Amino acid sequence: MNKPVKMEPGVKLRDAAKMALIPVKVLPTEKNEMLRKPEWLKIRLPKSTERIEGIKQAMRKHGLHSVCEEASCPNLSECFNHGTATFMILGAICTRRCPFCDVAHGRPLTPDATEPEKLALTIKDMKLSYVVITSVDRDDLRDGGAQHFADCIREIRKHSPNITIEILVPDFRGRMDRALEILIETPPDVFNHNLETAPRLYKLARPGADYKWSLELLRRFKEAHPEIKTKSGLMVGLGEEISEIEEVLRDLRAHNVDMLTVGQYLQPSKHHLPVKRYVPPAEFDALKAYADEIGFTHAASGPFVRSSYHADQQAAGKEVK
């Protein structure tokens, strides 16, 4: 039997070190085993990086994190170049160790009580009209970090009263009652929680998470605030069948979820789960058509779509691919 790994607070475990701790063994994918990216997945970099560097400097100045950087999002250059970013609160170390995700695992530090104000002032300085706030999983906190979300929402509204706030929350495992009590009292404008994949793949891709629990979180928030949009996201290319994704879409609608994002899974490193298939654009279009047909108010479906990709346009009902 392996001895438990002693984790020091604040130390980030990534790639092989992180994968060594998950219950399902993931073998490294050698370069010759990786699927070749198709032409539709080639990213065009912007000519100027001035705006990108400006946002990175603003983050560093206030000790803030973006999920764009921490999760190695392929859209970072495009979003930063347009002056948008998804802020990640509660540190950059996650208590979970999902093998599709590039965010570091480890023992997080105590939440920074000054972060809500620093975040609000940064958002005000950036003159944002729409902001997405997400977090790592914080299973070490009694409320899963919900109060910190609420504090951030309150501070942002104080400094930017006309802003639209979307929060992308973890599942608050074992703490749903307390977390919802807090967030129902201090709600965002859009409540987002990602199901990520089909339930058959949860043990592989989302160890520690529960499909029905996540659906219930979305349902209960919507029940308390029917006027607020709820949203969820999925990735494809992990070995799921399209019929399984369609079933997830039906489950989301049955739980009154309004908005949907579907994007291609991209392997962050050779130590993460391998890409089983690159889904062609036509299949993304078909998933969007199906989502529209079954009643989503907005569905963004495309290879580069992520939860917060052009989130302002998604919320406004504009087509995003």
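Glycine residues also receive a Cβ, built from the backbone N, Cα and C atoms like all the rest.
Remember, it's a predicted structure, so these values are computed and weren't measured experimentally.
Per Swiss-Prot, the feature [4Fe-4S] cluster 1 binding site maps to C68, C73, C79, S308; the stated evidence is sequence analysis.
Annotated [4Fe-4S] cluster 2 binding site per Swiss-Prot: C94, C98, C101, in sequence order. Other Cβ atoms within 10 Å of the Cβ of C101 ([4Fe-4S] cluster 2 binding site) number 23 in total over all chains.
Residues annotated as domain 'Radical SAM core' in Swiss-Prot, with sequence analysis given as evidence: 80-297.
Cβ neighbour count for C98 ([4Fe-4S] cluster 2 binding site) (all protein chains, 10 Å cutoff from its Cβ): 21. Cα separation, C94 ([4Fe-4S] cluster 2 binding site) to S308 ([4Fe-4S] cluster 1 binding site), rounded: 19 Å.
Comparing C98 ([4Fe-4S] cluster 2 binding site) with S308 ([4Fe-4S] cluster 1 binding site), their Cα atoms are 19 Å apart once rounded. The [4Fe-4S] cluster 2 site is defined by C94, C98, C101, and by the 8 Å test on Cβ atoms against their centroid, the other residues of the chain that qualify are R96, R97, F100, D102, V103, H105, V136, D137. S308 ([4Fe-4S] cluster 1 binding site) and C101 ([4Fe-4S] cluster 2 binding site) are 16 Å apart (CA-CA, integer value).
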